[in-house]
Amino acid sequence: MGARAARPRGPRRGAENAARRRRAPGARQPTRSRSTRGRSVARGLRLTAPAWRAPRVARPEMAPDPVAAETPARGPTPRYFTWDEVAQRCGREERWLVIDRKVYNISEFTRRHPGGSRVISHYSGQDATDPFMAFHINKGLVRKYMNSLLIGELSPEQPSFEPTKNKELTDEFRELRATVEQMGLMKANHVFFLLYLLHILLLDVAAWLTLWVFGTSFVPFLFCAMLLSVVQAQAGWLQHDFGHLSVFSTSTWNHLVHHFVIGHLKGAPASWWNHMHFQHHAKPNCFRKDPDINMHPFFFALGKILSVELGKQKKKYMPYNHQHKYFFLIGPPALLPLYFQWYIFYFVFQRKKWVDLAWMITFYTRIFLTYVPLLGLKGFLGLFFMVRFLESNWFVWVTQMNHIPMHIDHDRNVDWVSTQLQATCNVHKSAFNDWFSGHLNFQIEHHLFPTMPRHNYHKVAPLVQSLCAKHGIEYRSKPLLSAFADIVHSLKESGQLWLDAYLHQ
């Protein structure tokens, strides 16, 4: 930068000071003492010396530095990293990830991450650009909070993706996502979700009226249990919509209604669902990262790769070659009444989720006060666990038909599209299938765009099919009953693979 010019002195400075002391016409002048007025006059005379007085010599100006003049001011030099350096930060002590080529240190942030510590940790040492885009509806706000985590960026010579990811496929999927947003497919129809909620509430009231009007004999009791099972299953699909932030444009409203649906209508904690389900979406069918396949290896041997691996290790926790048979005993009938029903209370107390507990209490208080007067305590408990039993069968068959028959493996850090497509499949569209599965028969579209409102899945499906066809990726869709049967067939196949590896290695 050039040196400062010499400050002008003499008459100009006196004139400026005199102008500052000048008052507006008619303004009252402050009273000053004689001595004060004298000093002011003398000072003014000195500052307004005649022009013939010898002027002061100004300081000479320094020649400007041409380099400094041409070089703009810069902030701190950014730190550059390679993919190898990022990949090494995936342990418990230090965790980094990359979003849009920027490197973030999430080591301390994981415990404060609103979506849970594990879901973000599953991408430590990896590029997380696509899951970041998929899970957040207000990305600008989230990026502001991420600034404190920023430690650098990828070196200019580094590619934007790891070598394990398909660059062309990823680029075209991002273009597809931009097209989908421009088409308005990420915006929800609030009337659709309002009507869906009303049909759940009406069925809930109809279940109670069945006992109140027709009595508590076996047939009304069974019919009431069936209606309540429909209520619980459909409320499960609806809370799934709010949990994925796919209904309202702000997270606050989605979270609030999510608490109401899952807490008050179902008696489960929203934080538990977030903790489990977002991990499943981040790394579907990835062992140790997807909690939905945690029954491997203690109850089932899942997937071809993991089953053979288990057999070679000579591990046998269950008779896996018969797992396609005992699945009917410890799978659909038992998951909710014998596991989830108790684990959710352990979860809220262990993690001190008192808001979730308060919502859950409203559910149990409501059903206790409405059904105990009609059925008594024993009848109420019988009804409650019958509903949980029926709901559990419904829930397990629907949620597992899209994943258990698909590829199950360790995390290979492949691109977002490949990760989702190899772990999911669809069930053919129909009015019944859409309602029965809560539109999760469009599992592929749901996994690629988890915040998309479910009523738009069928609109984006042709675009996804075209993308898959172009890149040679199988887009699987099957009838509902075939999807159910494939669960059993895949369990039988993986059990046999385990047995062969166990006996012959």
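Yeah, the Cβs are placed from backbone N, Cα and C, and that goes for glycine too.
According to TrEMBL, the compositional bias 'Basic residues' annotation covers 1-12.
Per TrEMBL, region 'Disordered' is recorded for 1-76.
Secondary structure of the domain 'Cytochrome b5 heme-binding' (78-155) per DSSP, as helix, strand and coil residue counts: 33 helix, 18 strand, 27 coil. Feature annotation from TrEMBL assigns domain 'Cytochrome b5 heme-binding' to 78-155.
The transmembrane segment feature in TrEMBL is assigned to 191-212 (among others). For the transmembrane segment (191-212), the residues of the chain that approach it from at least six positions outside its boundaries are 220-221, 223-224, 227-228, 230-231, 234-235, 238, 241, 247, 261, 265, 370-371, 374-375, 453, 455, judged by C-beta separation under 8 angstroms.
Among the features that TrEMBL reports, transmembrane segment is placed at 218-238 (among others). Tertiary proximity for the transmembrane segment (218-238) is limited to same-chain residues at least six positions away from its ends with a CB under 8 Å from its CB atoms, namely 193, 196-197, 199-200, 203-204, 206-208, 210-211, 261-262, 265-266, 375, 379, 383, 386-388, 390-391, 394-395, 437-440.
The transmembrane segment annotation in TrEMBL covers 326-348 (among others). Within its own chain, the transmembrane segment (326-348) has Cβ neighbours under 8 Å at 267-269, 271-272, 275, 299-300, 318-319, 354, 356-357, 360, 385, 388-389, 391-393, 395-397, 400, 487-488, 491, counting only residues six or more beyond its boundaries.
With a threshold of 8 Å between CB atoms, the same-chain residues lying at least 6 positions outside the transmembrane segment (368-387) that come near it are 208, 211-212, 216, 221, 224-225, 228-229, 232, 337. The transmembrane segment annotation in TrEMBL covers 368-387 (among others).
Over the domain 'Cytochrome b5 heme-binding' (78-155), the average per-residue pLDDT in this prediction is 94.
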